[in-house]
Structure formats: structure tokens, C-alpha cells
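Engineer: Features from Swiss-Prot:
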ACT_SITE  Asp247  active site, proton acceptor
BINDING   Gly85, Gly87, Arg88, Lys108, Asp120, Gly121, Arg171, Arg178, Asp257  ATP binding site
BINDING   Asn248, Asp257  Mg(2+) binding site
Amino acid sequence: MMKFDNSYAHLPERFSAAVLPTPVKAPRLIAFNRTLAEELLLDVADLDDDRLAAIFSGNVVPQGAEPLAMAYAGHQFGGFVPQLGDGRAILLGEVIDVNGRRRDIQLKGSGPTPFSRRGDGRAALGPVLREYIVSEAMFALGIPATRALAAVLSGDRVQREVGLPGGVFTRVAASHIRVGTFQFFAAREDDEAIRSLADYVIDRHYPDAKNTENPYLALLRGIAERQCALIARWMMVGFIHGVMNTDNMAVSGETIDFGPCAFLDEYHPNKVFSSIDAQGRYAYNNQPGIAQWNIARLAECLLPLLDPEVEKAAELANAVLADFAAAFPQRWLTGMREKLGLTTEEEGDMDLIQSLLSLMQASEADFTLTFRRLSHAANGDAEPFRGMFIDIAGADAFLTRWRERAGREGISDSERSAAMLSINPAIIPRNHRIEELIEAAVEDGDFEPFHAMLTAIATPFEERPDNFVYMQPPMSHERVFRTFCGT
């Protein structure tokens, strides 16, 4: 069924702990991503839903799997925790996909592990459905992210603040190695393990680094560059991760661990949704700086590999961090130019962009809908865009400046509009719609809203009558102000 080709399981014992999933009571398949299964070359065509539920709940361990929980540490909200690890997730193993890429297959909510820290190792149904929707939405938006392979209703109750139905989520990732994985060994001054891990990550994710003068510096630079690109993509769609701890940053460059994540409704640069982020550390506009901070923590782990001389190693690491700080504003500006349909660079572009963002903030304009309507305004239909703002005169002044700026580029209005419509989504996984589908599933056992939203987010740039409801911002009574981690 799965042709496992495991490598992480064969690293030294201190990298992980072998552990079997704990069976659940009555597994029932909620969703299975057959397109992804084909990409992973899984032989599942002849398996019915009951068999799939048994496998992807952990009740049946596939042949060739070497189940394990990974060891890692991490800075959580700025405070270092020397041992975290997979407390409710078990890596079944790795497969080679249709494109020759190595991919992890991991169960989340599959029972306790040696890293559970008194937890039950289980997942409530709500977080399972949230991660399935958001990870697939990110994929459809073209943003690197872990993928959803399966969601299973466990038949067990899990105790949180109240008793809730349990679920098991199957996650597919380029790998599950985190900044915190390096920190786990650095905290123990285990330079041998750090070198082994770095060599493994180079082989798996950054093979070009092997041919450079300083492969470990190239590794650090490669991770920093991917994170810089990733966070810029987040910002372009109003994504707020919510818990950017170092143990939630994947060195592969994929978005991972969706816990209390959310998307902007009305634009506010300091927006926070996560109930556990009381100080706003991981607010929308703070994400680039936090990413750089996390890379600095990774650099600290790699210092012994960068150069034998401490001062020289620090100099090399600081140069990477300086490059991140210089590169991100340019990536952000490039992304915003694209959202405004601008194909060239002019000195006044930043001021033009900031004038729009200021208008949006003052009117509490919806982030996604504003840029979608501006995309239509590029082809002459400006009234819906103007209707987003309290300050109509300000909106008109922006439109005049924007049209003058765009007019200097020599492409047609229809071409510009088409380009903008291809990058400014009509549909994101709206926070209130996610809460609705979770409530329907948890309270009523109704998974139709989940499947309907899953269909809608698969085509985020299409406007159709059947997905119109998913394009709409929340009404005042539908707004979500807080999201929860679910652990």
C-alpha cells in the first residue's frame, strides 16, 4: 500500500523514539485526498473507507512503516524549552513521490509518545478539520505548506475544557525537521548530532549546498532565503500563523502547524487572533521580524559548523541575518506591486501602496475583498472597490494615482486585470466559515459544510455562483476574534 523508504528512522537513536500508534475505538473516514495519494504513489485504489480509516487512524500499521516520535526543543513565545518533541504525532515513515521527492507521512492525534508531557496524545476533531482545510487552501494558493492526506473520526472522546469528539489527521510534509530540532541538540552541546542533522538536511533539502565552499553556511542561507520567501507569501494573503515558535518553523520552507492560525478579515497591521498570544508577539506585521529572530536561533546552533573561530562564525551568521533583513522588504514590495498589477518598479510605489493600506485600515476594509475588487477596477469596474471605503474621496484619489502609475507601463487594462485576478484570491478559508463547519461537525455530526468548503478553497481564484458565499466577509455577528490551538 505504501512503499516506504525510511531515512530519519535510521539516524542515531537520540533523534527520535520508536512508538506505535494507540488504537482508537471506532474509526470513521471523514476525508481522503486521493489526488495527493496518487502523487505519493500510494496503492489505495482497492481499499474501501473502512480499511482507509483503520490505516489512517493508526489502528493498522502499514507494512514497512517504522513509527517514531521526533525529538526537538524550541523557543515558545520567546522562552526556551529544552525538550518538546512529538507529543501527539507519530511519523509512520517516508515515501518517494511521483516527482522523486522524499515525503513524510505522519499521524497527528494517534496517541501518547515519550514526548507527551502528561498529555493524552490525542487531537480533538475541530483542529483536525481546521488543519485539513487550511493546509489544502495554502496549497491551492500556491504557498508552500504541509498537505492533508486524511481525516478520521476516532470514535473516542477527548477531554479538553469539555469532552469533544476525537480525530486523527494524516499530514504529508517535505520533512518535519524544525529549527527546534537543531536546538534540541545544541542545548545538550551535542555537536556531533548537530553535524549529523545538518548533513541530513543538506542531503534532503539543500543538495546544492554540498558543492559550496562552506556547505553549512550555504545551508543557513538557504533556510533563511526560503523563510523570507514564505513569510512574504503569507503577508500577501493576510495569513497569520499565530504561533511562530521555533519548533513550528520547518527547515524545508513549508508552512507547518496551523493550530490557532487565521486570515485577516478587515485590514489591521497588528492583528492577533491566537488566544495564547496575549502580548501580540506573533501579530500579522510582526511575522517577518519573528522569522528573522527564529533564523538567528538556528544560526546559534550552527555556529560550531560555520567556522572554528567563534568570532568568524558569528560574522558569517550575522551576514545571513542582515541579508534577510534587507531582502524581506524587497520581497514584500515586489509582492504588493503584483497585487496592484504593476510590472515595473518606480520610486513612488511604496508610498502608493501605503496610501492604500492606510485607507483600508481607516475603513476597516476587508483585506482579500479589497484587492479582488481592485483587480476588477483595473478593467473599469471601480464601484465595488469604492464601496469598500468610508473615505470615498480618498479612494478616488488613490484610484487616480494608481491608474496614472499603471498607465505608464504600456499593457492593456484587460491584461492587467487578468494578471491581478490570478494572484488576488476570491476565496480564502474565512475564519467564520471554518468555525461554522467545525460547529456543524462537532455538535451535529454534519460534515457537509466541511466538504463544501474543501471544494470551494480548491479553486481560490474562481468566482462562481456556487462559491459566492465563501467570498463574503463576516457580518458583525459572525466575526471571529479569537482562535485556539486545540492541544
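A Cβ is built for glycine as well, from the same backbone N, Cα and C atoms used for every other residue.
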Engineer: For Gly85 (ATP binding site) and Asn248 (Mg(2+) binding site), determine the Cα separation and express it in whole Å.
Structural biologist: 11
Engineer: Rounded to a whole number, how many Å is the Cα of Arg88 (ATP binding site) away from the Cα of Asn248 (Mg(2+) binding site)?
Structural biologist: 14
Engineer: Round to a whole number and give the Cα-to-Cα distance in Å for the pair Asp247 (active site, proton acceptor) and Asp257 (ATP binding site).
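Structural biologist: Cα-Cα, rounded: 9 Å.
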Engineer: Under DSSP, is Arg171 (ATP binding site) helix, strand or coil?
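Structural biologist: DSSP assigns Arg171 (ATP binding site) to strand.
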Engineer: So which binding-site residues are near Asn248 (Mg(2+) binding site), with CA atoms within 10 Å, out of Asp120, Arg171, Asp257?
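Structural biologist: Within 10 Å Cα-Cα: Asp257.
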Engineer: Specify the secondary structure state of Asp257 (ATP binding site) as given by DSSP, simplified to three classes.
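Structural biologist: Assignment for Asp257 (ATP binding site) reads coil.
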Engineer: If you draw a 10 Å sphere on the Cβ of Arg88 (ATP binding site), how many other Cβ atoms land inside?
Structural biologist: 21
